[in-house]
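Report on the following structure.
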(Lines of atoms letter the chains of each structure in order from A and count residues from 1; the text may use other names and numbers.)
(Lines give C-alpha, C1' and ligand atoms only; values in the text may rest on other atoms or scores of the structure.)
Protein backbone atom coordinates (compact mmCIF):
# COMPACT_ATOMS: atom_id res chain seq x y z
CA UNK A 1 0.00 0.00 0.00
CA UNK A 2 2.84 2.42 0.78
CA UNK A 3 4.59 1.49 -2.47
CA UNK A 4 1.39 2.25 -4.34
CA UNK A 5 1.02 5.55 -2.50
CA UNK A 6 4.53 6.64 -3.51
CA UNK A 7 4.20 5.50 -7.13
CA UNK A 8 0.63 6.66 -7.78
CA UNK A 9 -0.55 9.19 -5.20
CA UNK A 10 2.73 11.13 -5.31
CA UNK A 11 3.51 10.11 -8.91
CA UNK A 12 7.05 9.11 -7.98
CA UNK A 13 8.41 7.73 -11.29
CA UNK A 14 11.46 5.87 -9.97
CA UNK A 15 10.41 2.42 -8.73
CA UNK A 16 14.01 1.19 -8.75
CA UNK A 17 14.99 3.97 -6.33
CA UNK A 18 12.32 2.81 -3.88
CA UNK A 19 13.73 -0.70 -4.08
CA UNK A 20 17.24 0.67 -3.50
CA UNK A 21 16.13 2.65 -0.46
CA UNK A 22 14.42 -0.44 0.94
CA UNK A 23 17.60 -2.48 0.54
CA UNK A 24 19.78 0.20 2.13
CA UNK A 25 17.40 0.58 5.07
CA UNK A 26 17.26 -3.20 5.49
CA UNK A 27 21.06 -3.42 5.66
CA UNK A 28 21.13 -0.51 8.11
CA UNK A 29 18.52 -2.13 10.36
CA UNK A 30 20.41 -5.45 10.27
CA UNK A 31 23.73 -3.76 11.02
CA UNK A 32 22.31 -1.91 14.02
CA UNK A 33 20.56 -5.01 15.39
CA UNK A 34 23.75 -7.02 14.94
CA UNK A 35 25.84 -4.29 16.57
CA UNK A 36 23.51 -4.30 19.56
CA UNK A 37 23.84 -8.11 19.67
CA UNK A 38 20.11 -8.59 19.28
CA UNK A 39 20.31 -10.87 16.24
CA UNK A 40 22.69 -13.33 14.60
CA UNK A 41 23.19 -14.19 10.95
CA UNK A 42 23.68 -17.96 11.18
CA UNK A 43 21.69 -20.79 12.72
CA UNK A 44 24.74 -21.98 14.68
CA UNK A 45 25.55 -18.58 16.19
CA UNK A 46 23.95 -17.97 19.62
CA UNK A 47 21.16 -15.43 19.67
CA UNK A 48 20.30 -14.30 23.16
CA UNK A 49 20.12 -10.55 23.75
CA UNK A 50 19.82 -11.06 27.49
CA UNK A 51 23.23 -12.76 27.58
CA UNK A 52 25.39 -10.71 25.21
CA UNK A 53 28.58 -12.44 26.37
CA UNK A 54 27.40 -15.52 24.44
CA UNK A 55 27.26 -13.58 21.18
CA UNK A 56 30.14 -12.92 18.80
CA UNK A 57 32.38 -10.01 19.83
CA UNK A 58 32.29 -8.76 16.24
CA UNK A 59 28.61 -7.86 15.82
CA UNK A 60 29.01 -6.38 12.35
CA UNK A 61 30.97 -9.26 10.85
CA UNK A 62 30.00 -10.30 7.35
CA UNK A 63 29.23 -13.84 6.34
CA UNK A 64 32.01 -15.67 4.53
CA UNK A 65 32.67 -15.12 0.84
CA UNK A 66 31.85 -18.78 0.21
CA UNK A 67 28.44 -18.32 1.82
CA UNK A 68 27.84 -15.19 -0.24
CA UNK A 69 28.54 -17.16 -3.41
CA UNK A 70 26.22 -19.91 -2.21
CA UNK A 71 23.41 -17.38 -1.72
CA UNK A 72 24.04 -15.63 -5.07
CA UNK A 73 21.15 -17.34 -6.94
CA UNK A 74 18.79 -16.34 -4.13
CA UNK A 75 20.02 -12.73 -4.17
CA UNK A 76 19.66 -12.39 -7.94
CA UNK A 77 16.18 -13.92 -7.91
CA UNK A 78 15.31 -11.52 -5.06
CA UNK A 79 16.51 -8.52 -7.07
CA UNK A 80 14.50 -9.57 -10.11
CA UNK A 81 11.49 -10.27 -7.90
CA UNK A 82 11.66 -6.85 -6.26
CA UNK A 83 12.09 -4.91 -9.52
CA UNK A 84 9.33 -6.71 -11.43
CA UNK A 85 6.95 -6.61 -8.47
CA UNK A 86 7.47 -2.87 -8.06
CA UNK A 87 6.70 -2.31 -11.75
CA UNK A 88 3.61 -4.52 -11.54
CA UNK A 89 2.27 -2.44 -8.62
CA UNK A 90 2.56 0.66 -10.79
CA UNK A 91 1.02 -0.95 -13.87
CA UNK A 92 -2.31 -2.05 -12.42
CA UNK A 93 -4.84 -1.08 -9.74
CA UNK A 94 -4.40 -2.60 -6.28
CA UNK A 95 -7.53 -4.83 -6.17
CA UNK A 96 -6.85 -6.37 -9.58
CA UNK A 97 -3.14 -6.65 -8.81
CA UNK A 98 -3.96 -8.66 -5.70
CA UNK A 99 -6.36 -10.86 -7.64
CA UNK A 100 -3.86 -11.76 -10.35
CA UNK A 101 -1.10 -12.30 -7.83
CA UNK A 102 -3.11 -15.17 -6.38
CA UNK A 103 -2.22 -17.24 -9.43
CA UNK A 104 1.34 -17.31 -8.05
CA UNK A 105 0.39 -20.52 -6.22
CA UNK A 106 0.30 -22.44 -9.50
CA UNK A 107 3.72 -21.16 -10.55
CA UNK A 108 5.09 -21.94 -7.07
CA UNK A 109 3.91 -25.55 -7.21
CA UNK A 110 5.58 -26.01 -10.60
CA UNK A 111 8.87 -24.39 -9.56
CA UNK A 112 8.93 -26.34 -6.27
CA UNK A 113 8.56 -29.57 -8.20
CA UNK A 114 11.28 -28.63 -10.69
CA UNK A 115 13.81 -27.45 -8.08
CA UNK A 116 13.16 -29.74 -5.11
CA UNK A 117 10.87 -32.50 -6.41
CA UNK A 118 8.18 -31.41 -3.95
CA UNK A 119 4.81 -33.08 -4.56
CA UNK A 120 1.45 -32.24 -2.99
CA UNK A 121 -1.66 -34.23 -2.19
CA UNK A 122 -4.77 -34.07 -4.36
CA UNK A 123 -6.57 -32.14 -1.61
CA UNK A 124 -3.87 -29.47 -1.57
CA UNK A 125 -3.91 -29.28 -5.37
CA UNK A 126 -7.70 -28.97 -5.23
CA UNK A 127 -7.55 -26.06 -2.77
CA UNK A 128 -5.00 -24.34 -5.03
CA UNK A 129 -7.37 -24.91 -7.96
CA UNK A 130 -10.14 -23.12 -6.06
CA UNK A 131 -7.81 -20.16 -5.47
CA UNK A 132 -6.97 -19.92 -9.17
CA UNK A 133 -10.63 -20.30 -10.15
CA UNK A 134 -11.48 -17.45 -7.81
CA UNK A 135 -8.79 -15.28 -9.40
CA UNK A 136 -10.20 -15.81 -12.88
CA UNK A 137 -13.79 -15.31 -11.74
CA UNK A 138 -12.81 -12.07 -10.00
CA UNK A 139 -11.09 -10.75 -13.10
CA UNK A 140 -13.65 -11.93 -15.64
CA UNK A 141 -15.27 -8.53 -15.98
CA UNK A 142 -12.42 -6.24 -15.10
CA UNK A 143 -13.34 -3.01 -16.83
CA UNK A 144 -9.84 -1.61 -16.41
CA UNK A 145 -8.09 -4.38 -18.38
CA UNK A 146 -4.53 -3.50 -19.33
CA UNK A 147 -2.59 -6.09 -21.35
CA UNK A 148 0.79 -4.67 -20.32
CA UNK A 149 -0.20 -4.52 -16.65
CA UNK A 150 -1.50 -8.08 -16.68
CA UNK A 151 1.64 -9.36 -18.44
CA UNK A 152 3.92 -7.67 -15.90
CA UNK A 153 1.97 -9.19 -13.01
CA UNK A 154 2.28 -12.70 -14.45
CA UNK A 155 6.02 -12.20 -14.93
CA UNK A 156 6.13 -11.06 -11.29
CA UNK A 157 4.33 -14.28 -10.34
CA UNK A 158 7.02 -16.37 -12.02
CA UNK A 159 9.78 -14.36 -10.33
CA UNK A 160 8.06 -14.75 -6.97
CA UNK A 161 7.79 -18.51 -7.40
CA UNK A 162 11.49 -18.82 -8.26
CA UNK A 163 12.43 -16.52 -5.36
CA UNK A 164 10.40 -18.43 -2.75
CA UNK A 165 11.63 -21.80 -3.98
CA UNK A 166 15.20 -20.47 -3.79
CA UNK A 167 14.64 -19.42 -0.16
CA UNK A 168 13.39 -22.89 0.72
CA UNK A 169 16.34 -24.55 -1.00
CA UNK A 170 19.25 -22.25 -0.14
CA UNK A 171 17.95 -21.22 3.28
CA UNK A 172 18.17 -24.80 4.50
CA UNK A 173 21.59 -25.52 3.00
CA UNK A 174 23.54 -22.32 3.63
CA UNK A 175 23.48 -22.32 7.44
CA UNK A 176 22.05 -18.80 7.43
CA UNK A 177 18.94 -17.79 9.32
CA UNK A 178 16.39 -15.28 8.02
CA UNK A 179 18.49 -12.28 9.05
CA UNK A 180 21.58 -13.74 7.40
CA UNK A 181 19.74 -14.37 4.14
CA UNK A 182 18.44 -10.81 4.17
CA UNK A 183 21.97 -9.50 4.80
CA UNK A 184 23.38 -11.44 1.85
CA UNK A 185 20.59 -10.14 -0.36
CA UNK A 186 21.38 -6.57 0.57
CA UNK A 187 25.14 -6.94 0.25
CA UNK A 188 24.88 -8.52 -3.22
CA UNK A 189 21.90 -6.66 -4.67
CA UNK A 190 22.54 -3.21 -3.18
CA UNK A 191 25.65 -2.36 -5.24
CA UNK A 192 24.06 -3.79 -8.40
CA UNK A 193 20.95 -1.68 -8.00
CA UNK A 194 22.98 1.39 -7.01
CA UNK A 195 25.01 1.06 -10.22
CA UNK A 196 21.87 0.53 -12.29
CA UNK A 197 20.01 3.54 -10.91
CA UNK A 198 23.15 5.67 -11.32
CA UNK A 199 23.75 4.91 -14.99
CA UNK A 200 20.04 5.40 -15.72
CA UNK A 201 20.18 8.82 -14.09
CA UNK A 202 17.44 8.04 -11.54
CA UNK A 203 19.49 9.19 -8.55
CA UNK A 204 20.29 12.47 -10.25
CA UNK A 205 16.71 12.96 -11.40
CA UNK A 206 15.10 12.54 -7.96
CA UNK A 207 16.67 15.83 -6.87
CA UNK A 208 14.12 17.54 -9.09
CA UNK A 209 11.17 15.54 -7.79
CA UNK A 210 8.65 18.16 -6.53
CA UNK A 211 7.58 16.20 -3.43
CA UNK A 212 11.07 15.10 -2.38
CA UNK A 213 11.05 17.30 0.73
CA UNK A 214 7.35 16.87 1.42
CA UNK A 215 6.81 15.42 4.93
CA UNK A 216 3.97 13.26 3.62
CA UNK A 217 6.12 11.72 0.90
CA UNK A 218 9.03 11.16 3.27
CA UNK A 219 6.75 9.42 5.78
CA UNK A 220 5.38 7.18 3.02
CA UNK A 221 8.92 6.27 1.92
CA UNK A 222 10.04 5.57 5.49
CA UNK A 223 7.03 3.36 6.19
CA UNK A 224 7.59 1.59 2.88
CA UNK A 225 11.17 0.75 3.91
CA UNK A 226 10.13 -0.41 7.38
CA UNK A 227 7.35 -2.58 6.04
CA UNK A 228 9.65 -4.05 3.37
CA UNK A 229 12.10 -5.07 6.10
CA UNK A 230 9.39 -6.71 8.23
CA UNK A 231 7.74 -8.42 5.28
CA UNK A 232 11.02 -9.82 3.99
CA UNK A 233 11.92 -11.19 7.41
CA UNK A 234 8.65 -13.03 7.86
CA UNK A 235 8.69 -14.28 4.26
CA UNK A 236 12.14 -15.77 4.85
CA UNK A 237 11.12 -17.29 8.17
CA UNK A 238 7.84 -18.77 6.95
CA UNK A 239 9.35 -20.15 3.73
CA UNK A 240 12.33 -21.69 5.54
CA UNK A 241 10.27 -23.26 8.32
CA UNK A 242 7.39 -24.39 6.09
CA UNK A 243 7.51 -24.23 2.29
CA UNK A 244 7.33 -21.84 -0.64
CA UNK A 245 3.73 -22.88 -1.35
CA UNK A 246 2.68 -22.28 2.26
CA UNK A 247 4.15 -18.78 2.12
CA UNK A 248 2.25 -18.09 -1.10
CA UNK A 249 -1.01 -19.24 0.46
CA UNK A 250 -0.38 -17.13 3.57
CA UNK A 251 0.06 -14.15 1.29
CA UNK A 252 -3.39 -14.84 -0.15
CA UNK A 253 -5.00 -14.77 3.29
CA UNK A 254 -4.17 -11.09 3.74
CA UNK A 255 -5.63 -10.18 0.35
CA UNK A 256 -9.08 -9.40 1.69
CA UNK A 257 -7.67 -6.48 3.65
CA UNK A 258 -5.45 -5.33 0.79
CA UNK A 259 -8.39 -5.32 -1.61
CA UNK A 260 -10.57 -3.38 0.81
CA UNK A 261 -7.93 -0.73 1.50
CA UNK A 262 -7.12 -0.54 -2.22
CA UNK A 263 -10.71 0.24 -3.10
CA UNK A 264 -11.01 2.82 -0.33
CA UNK A 265 -7.69 4.63 -0.85
CA UNK A 266 -6.89 4.28 -4.54
CA UNK A 267 -10.07 3.20 -6.31
CA UNK A 268 -9.64 2.29 -9.96
CA UNK A 269 -11.98 -0.73 -10.01
CA UNK A 270 -15.79 -0.47 -10.19
CA UNK A 271 -17.76 -2.60 -7.75
CA UNK A 272 -18.76 -5.90 -9.34
CA UNK A 273 -20.58 -8.81 -7.69
CA UNK A 274 -18.65 -11.30 -9.83
CA UNK A 275 -15.41 -9.83 -8.51
CA UNK A 276 -16.61 -10.24 -4.94
CA UNK A 277 -17.56 -13.87 -5.60
CA UNK A 278 -14.13 -14.54 -7.07
CA UNK A 279 -12.37 -12.95 -4.10
CA UNK A 280 -14.46 -15.08 -1.75
CA UNK A 281 -13.57 -18.24 -3.66
CA UNK A 282 -9.88 -17.41 -3.41
CA UNK A 283 -10.15 -16.74 0.30
CA UNK A 284 -12.03 -20.01 0.81
CA UNK A 285 -9.36 -21.94 -1.10
CA UNK A 286 -6.64 -20.39 1.07
CA UNK A 287 -8.46 -21.37 4.26
CA UNK A 288 -9.02 -24.88 2.88
CA UNK A 289 -5.28 -25.25 2.20
CA UNK A 290 -4.47 -24.10 5.73
CA UNK A 291 -6.93 -26.65 7.11
CA UNK A 292 -5.36 -29.51 5.15
CA UNK A 293 -1.86 -28.50 6.23
CA UNK A 294 -2.91 -28.42 9.88
CA UNK A 295 -4.39 -31.90 9.45
CA UNK A 296 -1.19 -33.09 7.79
CA UNK A 297 -2.96 -33.84 4.51
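Numbers here mean position along the shown chain, with the first residue as 1.
Just so you know, glycine gets a Cβ as well, placed from its N, Cα and C.
It should be emphasised that the depicted structure is a prediction, and the values quoted were computed from it without experimental measurement.
Range with TrEMBL annotation transmembrane segment, chosen from 249-267, 268-286, is 249-267.
Range 12-33 is the one annotated as transmembrane segment, of 12-33, 34-55 (source: TrEMBL). In this chain, the transmembrane segment (147-167) touches the transmembrane segment (96-115); three or more CB pairs sit within less than 8 A of each other, excluding pairs fewer than 6 residues apart.
A contact between the transmembrane segment (219-237) and the transmembrane segment (12-33) is present, since 3 or more of their C-beta pairs, 6 or more residues apart, lie under 8 Å. Within the same chain, the transmembrane segment (12-33) packs against the transmembrane segment (179-199): three or more Cβ pairs sit under 8 Å, each pair at least 6 residues apart.
Below 8 angstroms of C-beta separation, residues 15-16, 19, 22-23, 152, 155-156, 159-160, 162-163, 166-167, 170-171, 173-176, 180-181, 184-185, 187-189, 192-193 of the same chain, each at least six residues beyond the ends of the transmembrane segment (67-84), sit close to that stretch. In the predicted model, the domain 'Sugar phosphate transporter' (2-289) shows an average pLDDT of 82.
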